[in-house]
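Peer 1: Below you'll find the structure I mean.
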Amino acid sequence: MGASGRLLRAVIMGAPGSGKGTVSSRITKHFELKHLSSGDLLRQNMLQGTEIGVLAKTFIDQGKLIPDDVMTRLALHELKNLTQCSWLLDGFPRTLPQAEALDKAYQIDTVINLNVPFEVIKQRLTARWIHPASGRVYNIEFNPPKTVGIDDLTGEPLIQREDDKPETVIKRLKAYEAQTEPVLQYYQKKGVLETFSGTETNKIWPHVYSFLQTKVPETTQKASVTP
């Protein structure tokens with residue numbers, strides 16, 4: 001089936017640091033589909049104090065993961081408003097029960113999985129170092145300090161935020177893998193999983209782009225010029 005015809009129901013998956021955010025925003029810029037990020041949706045509902053937002057906040061405040069049924073209600077409630085357009089889900093489903101619940105409501109056509117090597121992601125996510133006194137931020141890959149671990153201006157030592165430390169990053173990545181592996185297998189069995197592998201977003205993107213060209217209309221130039 002080409003780009004014409006029925007609406008696309010798509011999901012994008014990728015570990016933290018896989019470039020999923022960048023790829024998602026490029027997809028929405030180039031193609032006629034709505035990007036639905038579960039994180040954004042969650043924040044929005046919490047800010048507006050909706051029933052489900054208040055419920056979700058109680059879990060977050062206790063440092064707990066938001067249960068599957070709450071995430072599912074949140075996503076499905078929002079999707080009810082988007083029946084007339086193609087969409088791309090991002091951050092949902094993250095677990096097998098979420099994927100199964102989504103399936104009862106919609107038939108997912110395609111799952112874009114960004115497969116970036118563990119080591120590459122680990123390097124990306126641990127690259128940030130900070131000079132606490134000034135707030136200066138260094139990135140080992142893009143703007144490294146002249147001397148490793150030392151602030152350029154003061155010569156004082158740099159530190160890493162808890163979130164950027166290798167042990168924290170490894171824990172996050174392992175948790176992601178454990179949670180999503182069953183989801184990837186589930187979609188693989190259904191025959192809708194499309195995996196794009198690589199170490200650089202700019203090299204993965206053209207493949208995602210040409211794949212989607214066969215699935216969903218591209219945005220017209222006119223539309224992308226006007227804000």
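Heads up, the Cβ atoms here are built off N, Cα and C, so glycines get one too.
Fair warning: this is a prediction, and the values are worked out from it, not measured in the lab.
Annotation comment: TrEMBL describes G17, S18, G19, K20, G21, T22, R128, V137, Y138, T201 as GTP binding site. Per TrEMBL, the feature region 'NMPbind' maps to 37-66. Look at TrEMBL and you will find S38, R43, K64, L65, I66, G91, F92, P93, R94, Q98, R161, R172 tagged as AMP binding site. Look at TrEMBL and you will find 127-164 tagged as region 'LID'. The feature domain 'Adenylate kinase active site lid' is assigned by TrEMBL to 128-163.
A description of the local structural setting of each listed feature is requested, covering burial, neighbours and distances.
Peer 2: Every protein chain considered, the tally of other Cβ atoms within 10 Å of the Cβ of G19 (GTP binding site) stands at 23.
In this model, the region 'NMPbind' (37-66) carries an average pLDDT of 94.
Of all Cβ atoms in the shown protein chains, 24 besides its own fall within 10 Å of the Cβ of F92 (AMP binding site).
Within its own chain, the domain 'Adenylate kinase active site lid' (128-163) has Cβ neighbours under 8 Å at 169, counting only residues six or more beyond its boundaries.
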Peer 1: Which binding-site residues are spatial neighbours of R128 (GTP binding site) here, meaning Cα within 10 Å, out of S38, K64, I66, F92, R161?
Peer 2: R161
Peer 1: Going by C-alpha positions, which of the binding-site residues (G17, G19, G21, Y138) is nearest F92 (AMP binding site)?
Peer 2: G21
Peer 1: Report the DSSP secondary-structure composition of the domain 'Adenylate kinase active site lid' (128-163) as helix, strand and coil residue counts.
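Peer 2: Output for the domain 'Adenylate kinase active site lid' (128-163) reads 2 helix, 13 strand, 21 coil.
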Peer 1: Please give the sequence-distant neighbours of the region 'NMPbind' (37-66): residues at least 6 beyond its ends with Cβ less than 8 Å from one of its Cβ atoms.
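Peer 2: Tertiary neighbours of the region 'NMPbind' (37-66) are 24, 73-75, 77-78, 89-92, 94.
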Peer 1: Specify the nearest of the binding-site residues K64, I66, R94, R161 to G19 (GTP binding site), where nearness means the distance between Cα atoms.
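Peer 2: Result: the closest of the binding-site residues to G19 (GTP binding site) is R94.
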